């Protein structure tokens, strides 16, 4: 290449680089200000005793984390979150898979039922929580009215510490099911029809045999994806707790995000709230790591 | 004993009649190629034989039994799919084993871990392993048994699909365009291997393809299908040289057979644009004269045509010309040595042909008899 | 299998099962709508009749409009969702294009930063951002509601993937035609970004219309309350046990997005499914 051609090329290259920087600059600035610095600040805060309005701030090392371990309230909140995730994840995944298989088994009503099950995803959670509050109301709620008609005394769903988490999980399943259903439907449509034909010719006569041989393994990547995002969505439960129970009764429905909210914005113990935030972040990151490193290898073939 | 017997099968998808009463027999040990343009119903027919689709009317027999209402798994047929349809989560060995396991083991025995403890499982497993190994050996897959389909080349996947088909020695093989996803050189090589597998297995084979050269090279008999009907079923030689329908004549052969509008006069002479061509027709009326490109020759006298272009193909030459009187495009296949003697582009020349190899078709496209004046006789 | 036409009679058990599940799913909506037109005494009788004996809809809905500035909350919701989406697209589309199609020093670092950003849920930044907004006296402003979400690592990632699938030759041809690099972005890339932008827009609006966590933190009066906060206020301040009016408020605030969904069902489902990554 001649000197001149090289020079032009270099100029063009710099033009390209300058354009790229210019195009990325606004995003980079916002990223720095709204994402990176605040995240680092949260990490830093977790090692301080900072309280809003307090005159002094000092490093306390791992004191906040040590306090977390001793804090019965936090432990309850962590345990509740795990139980909630443990209920919502299998419930909404199994339900969604079952309904997706039912919808996919025929041609009628596909769009209609998809819309019905998807409706909660686009509905204002706070408003629907109010609707659930009425539905589950111990005395005037239609659910308990129905149970009374059947001669049963309904529990006090959201106001009894023994049923509150269960009730919230039921609402959580209701909220997440449609989302998972849509993902499963997409996964099911992507399975080549010829595989089912091959399975039939190979002697897989029953629907269950074809499910075992074709559907379930072919859905592997979708199921893994659905599993992780359902868990991540469930760990982030906040709206229903904030609206319906405020963590009560007696902390029986306290969850991680609500603890952060209370410690940080009701009691203004920002250092301590930041420590809880880091626990929350660690759980989310662990789930993502599980997806990419461990499970991914087992469900992608080749 | 017949291998596959298809009796008067009809099938309709919504408003379109896909199959209009198709009947076809494939004897045990016979290889029949079902060939036709895409959308002619050949794949549907094959899926009906496999049991993946149900016919609206008609019967399917495999071996001695009527299987029309049997499930695909109960028909004793194996099928090779166009996309191979291998189970991506199973290894090569496991893929080949699936049809055996689903037949020889009951639901309890197929359970992981627990199944192995049940009586009879171990023996069955041992026999299946032997069968899998034998099938894999026959197709040269021994080294690949532990791979997954994603780690194989197209040709290797194709072999796995074949192995999965032969492993349980079915009465009938169904192959749905099994070579269409391979590249050209591999396709030619695999043709011979499939024929060899068929010969060794000795089952009835029905082979669907849109590629006429596959049909002609591989099959004992070729069934030409169009618009949901079988037009002709015959040996490859007969299909090529003695087609009974104009559609068969034009579908088979490349370049396409030349067709010229002609007429039988009241005197019984066949004329093309007034020129007698040395053939006698049975009945007066319009007809179509069809001549293969290799049967047409340039000559000093005969049908006047104008030369248009010359293509050199290596082993032969193609001379493109146009019949002067009717404007019909014509192709001549000639030996390459003739190149120097051929008319130049745009110049007028004359055509002759071997009248014993010319074909006459009636107005509905049905073949009609012709008598040649004399074997070498050219036309006027 | 799906391609086989099953006669309606054989299909009936499947459809009945689905209808039953669907009915269960719609229960909260059905009772919400029913209670929103019932007088309070009927609600308290806890009868299982869906239809009111006395139609009380006008009173219930009237009460909502009288007590809370419904349209103001809805307007706030539109401003906040619109503002967030506008800045997200403004920042993410050019950055996504640069990451997908341009060569520049620092590209790997930038992409690494995007992937890192994908991992961090937005709640993590809440505490320091709250302190910052409070120090700058920006609480109870649109700025506080919009600013934290203007950067979406997910949007950058999505647009990068999308632009990567555009043929390079399109860009090369534009360069040969004499477009400047900036002109390429506006005249060639942007018009081709619509499919990804619509999908992301649906995802973003659904997420932020329904968000409660952040608005609850930075807003404490009615002036800048979003619809989600509006329902919350109405519930706690005005109508603790006035379920008729509360259900009416819930219906009003849920309606806009649900109606939009019913009108453009396919786009919504596809939009959420293709962007489902983040959740």
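Backbone N, Cα and C define each Cβ position, glycine as well.
The transmembrane segment feature in TrEMBL is assigned to C:73-97 (among others).
The feature domain 'ABC transmembrane type-1' is assigned by TrEMBL to C:74-264.
For C:109-133 (among others), the entry in TrEMBL reads transmembrane segment. Sequence-remote contacts of a segment are chain residues at least 6 beyond its ends whose Cβ falls under 8 Å from one of its Cβ atoms, and for the transmembrane segment (C:109-133) they are 95, 98-99, 139, 143-144, 147-149, 151, 153-154, 156-157, 160, 213-214, 217-218, 278.
Counting same-chain residues at least six beyond the ends of the transmembrane segment (C:145-163), those with a Cβ under 8 angstroms from any Cβ of the stretch are 80, 83-84, 87-89, 91-93, 95-97, 99-101, 111, 113-118, 122, 125-126, 129, 133, 189, 193, 195-196, 199-200, 204, 208, 214-215, 218-219, 224, 226, 275, 277-278. Residues or ranges marked as transmembrane segment in TrEMBL: C:145-163 (among others).
For C:184-206 (among others), the entry in TrEMBL reads transmembrane segment. A Cβ distance under 8 Å defines the sequence-distant neighbours of the transmembrane segment (C:184-206), meaning residues of its chain 6+ beyond its ends; these are 81, 84-85, 88-89, 92-94, 97, 101, 152, 155, 158-159, 162-163, 166, 170-171, 174-175, 257, 267-268, 270-272, 274-275, 278.
The list of residues near the transmembrane segment (C:212-234) in space but at least 6 beyond its ends in sequence, with Cβ under 8 angstroms from a Cβ of it, reads 64, 67-70, 72-74, 76-77, 80, 122-123, 126, 130, 133, 139-142, 144-145, 148-149, 245-246, 249-250, 253, 256. For C:212-234 (among others), the entry in TrEMBL reads transmembrane segment.
Counting only same-chain residues 6+ beyond the ends of the transmembrane segment (C:246-264), those with a CB under 8 A from a CB of the stretch are 32-33, 35-37, 57, 60-61, 63-64, 68, 70, 73-74, 77, 205-206, 209-210, 227-228, 230-231, 234-235, 239. If you look up TrEMBL, you'll see C:246-264 (among others) marked as transmembrane segment.
A Cβ distance under 8 Å defines the sequence-distant neighbours of the transmembrane segment (C:73-97), meaning residues of its chain 6+ beyond its ends; these are 110, 142, 145-146, 149-152, 155-160, 162-163, 185, 189-190, 193, 197, 200-201, 204-205, 208-209, 215, 222, 224-230, 253, 256.
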